[in-house]
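Following: one structure in structure tokens, then a few remarks.
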Amino acid sequence: MKLLETINDPADLRQLPRTQLTPLATELRQFLLDSVSKTGGHLSSNLGTVELTIALHYVFNTPHDRIVWDVGHQTYSHKILTGRRERMPTLRQLNGLSGFPKRDESIYDTFGTAHSSTSISAALGMAKAAKLKGEDRHAIAVIGDGSMTAGMAFEALNNAGVEEDCNLLVVLNDNDMSISPPVGALNRYLARLMSGQFYAAAKTVGKSVLPGPVLDLARKLEEHAKGMVVPATMFEEFGFNYIGPIDGHDLDSLIPTLENIKKLKGPQFLHVVTKKGQGYKLAEAEPILYHGTGKFNPTEGIKPASAPSKITYTEVFGNWLCDMAAVDKRLVGITPAMREGSGMVRFHQQYPERYFDVGIAEQHSVTFGAGIATEGLKPVVAIYSTFLQRAYDQLIHDVALQNLDVTFALDRAGLVGADGATHAGNYDLAYLRCIPNMVVMAASDENECRQMLTTGYHYPGPAAIRYPRGAGIGAAIQPELSSIEIGKGVVRREGKGIAILAFGSMVAPSIAAGDELNATVANMRFVKPLDVELVKRLAKEHDYLVTVEEGCVMGGAGAAVMEALAAEGIAKPVLNLGLPDKFIDQGDPAALLASVGLDAKGIAASIRARFAAGEPRLVVINS
Ligand SMILES: Cc1ncc(C[n+]2csc(CCOP(=O)(O)OP(=O)(O)O)c2C)c(N)n1
Ligand SMILES: CC(=O)[C@@H](O)[C@H](O)COP(=O)(O)O
Ligand SMILES: [Mg+2]
């Protein structure tokens, strides 16, 4: 029997002699590779945290001691060691394991994560709560170097450093990578810490004291960290006891160091150095490619698609950005750490001086853009819908209130599939349309996306263009940079009785539903300003109105239509279709849409169900 198969709980792990941990790590890494190659998932980060995960569960008494994983995209080993090994084939699929920690999935998942940089705050809260309740436990935040760049992480450090009675351990998992190469001054600082003599010295110390007195090591480590290389690290200035850097793949360094730290009181900071993709040569060489993968053959590695696939919205944006930058020198492109995901690799190559990866710092990215706009340049902030949630006040206070000319390219709008509820861009229409000065557009196809980007770019105030993850309907894209009229929708299908007012990605399935019901279908294009004239006309010429959006129904585009009707004093039966008032977990995007009735069949069925009873005109439609 394989060692890994004997571990169904961290308590089993803690029974193993230390000598078995290295073979266990080898098995675990192989299991991870096999498993992720069959399901897809975040491979590079998980390969990098195998030893760290084993060491944390081995040394700490989980789940009594709390581990909070930042982002949580590196928790597959944690899932495997905490009783979920056999469910790994269901990872990131409908009704399967989440790709992130989830409190209702396991008692070992102490805090739900997926948006980065929350772990120190959450772990500090747990540590403080333990003190208040008189409970003796450790709280451990494991945070990557990329996630460490966010303001939230520093807000938490600032707070934690003075909480001297808290048993908080922050483990900085430093692999010198975000999704893309890391950026910024913190990265430089960490590189300086790592390049010092101390790294080698700490490893030697870790080994030489085994199995000697543990407190000795702690003292030695402290001496080294504080005196021999850097007088005081930034983390010590924050009030932490800084230990490291140590080799995060060396269990003989990790375990004694963690055992020592466990005995220390107050806020501790352990700096471990790991390699993204560790143990799988292809991922080590190309950690970005293997950051998030689909299914692949591990022997061959990820191969470029043989047949050209349909262009994605992300590519539409990336191409537009380069084309617009070529004709307008004022254009500046900003990404908060999502160069690849947002389609900005080519722009970075072609216009390095106008490209800004600001790190995982969504709030800063928006206000940075606002500052650039005040000087007459034209910032385009490319940001996933879900991550713009982080920068809501910046959007209102810094951009919209001053009516600054910032264009927001909102990728991953609507359901995103395998990442699930944490990453779904379901709220943007609702949270954007209530902000004065904003223009808010939802693209229904690739060409319209390009036109909307141009329209938003030329609009002299804040404008947001939302588009979904993946490919669109395959519309031909016109090369010119043409605009559309702001606040005007278009009727795409003339029918009778029912008018479907569709937004963005819901236009195509609404047309198919319209064909089935002989309904009129309008592509509304703008959520703000809404085409009120079109709404009035459709209301006048039809008996029933239906709004359809891939966004939350509450407060969304359909609500905008209802408000317009009320403001005009028009009473009309209206059905609002969109995402329900619940979080939707991971799964195949098409299946998820169908599950909430947002495919053509579901739209038609909802319309029939809503308007059939006692509505004679529908008898005509159905006949
Ligand atoms: C608030 C937020 N912004 C962006 C992301 C997208 N994202 C996920 S992982 C990641 C890189 C994180 O780097 P690091 O913490 O160093 O972990 P690593 O991937 O190196 O293991 C980014 C940018 C996110 N999850 N949350
Ligand atoms: C963990 C995380 O936030 C990212 O890695 C995210 O999963 C990327 O999503 P996309 O695959 O949609 O770019
Ligand atoms: Mg990293």
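Here the Cβ of each residue, glycine as well, is placed from N, Cα and C on the backbone.
Automatic, uncurated: that is what TrEMBL annotation is.
In sequence order, Ser116, Met177, Ser178, Ile179, Pro182, Ala337, Gly359, Ile360 are the residues near Gly146 (thiamine diphosphate binding site), counting only same-chain partners six or more apart with C-beta under 8 A. Feature annotation from TrEMBL assigns thiamine diphosphate binding site to His73, Ala114, His115, Ser116, Gly146, Ser147, Asn175, Tyr280, Glu362.
The annotation Mg(2+) binding site is assigned in TrEMBL to Asp145, Asn175. Within 10 Å of the C-beta of Asp145 (Mg(2+) binding site) we count 23 further C-beta atoms, all protein chains included.
Here TrEMBL flags 311-475 as domain 'Transketolase-like pyrimidine-binding'.
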Close-lying binding-site residues around ligand 2 among His73, His115, Asp145, Gly146, Asn175, where CB distance stays under 6 Å: His73
Cβ packing number for His73 (thiamine diphosphate binding site), 10 Å threshold: 26
Euclidean distance between Cα atoms of Asp145 (Mg(2+) binding site) and Asn175 (thiamine diphosphate binding site), Å: 7
Site extent for thiamine diphosphate (largest Cα pair distance over His73, Ala114, His115, Ser116, Gly146, Ser147, Asn175, Tyr280, Glu362, Å): 32
Three-class DSSP secondary structure - Gly146 (thiamine diphosphate binding site): coil
Distance, Glu362 (thiamine diphosphate binding site) to Asp145 (Mg(2+) binding site) (CA atoms, angstrom): 16
Binding-site residues near ligand 3 among His73, His115, Gly146 (Cβ under 6 Å): Gly146
